[in-house]
Amino acid sequence: MDVTKTYVTIFVVAILTISVLIQIQQYDRCIGPCLRFYGNHQCYKNCRKAKYDGGQCDFVKKGEKLPECCCYYNKN
């Protein structure tokens, strides 16, 4: 009985953790393209001004010519 209860508890915790991680990822938001000379520092500063925890230049879609400045909230 104790082993079954332990497995059920682990399963429930895993499901809840996965659902929380999915919701956290929804907070990422791209606010515009990064120019070649733009760099992560400027993107980070713009995201901080927009009340996010930070940001970085990243290619969101395959084949894009310029990366996007994507802001995020810390996952902690």
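Glycine residues also receive a Cβ, built from the backbone N, Cα and C atoms like all the rest.
Of the listed cysteines (Cys30, Cys34), only Cys34 is recorded by Swiss-Prot as the disulfide partner of Cys57. Cα-Cα distance from Cys43 (disulfide bond) to Cys71 (disulfide bond): 8 Å (rounded to the nearest whole number).
There are 24 other Cβ atoms within 10 Å of the Cβ belonging to Cys69 (disulfide bond). The shortest Cα-Cα distance from Cys34 (disulfide bond) to any of the disulfide-bonded residues (Cys47, Cys69, Cys70, Cys71) is found for Cys69.
Mapped onto three states, the DSSP output places Cys34 (disulfide bond) in coil. Around the Cβ of Cys34 (disulfide bond), a 10 Å sphere holds 22 further Cβ atoms from the protein chains shown.
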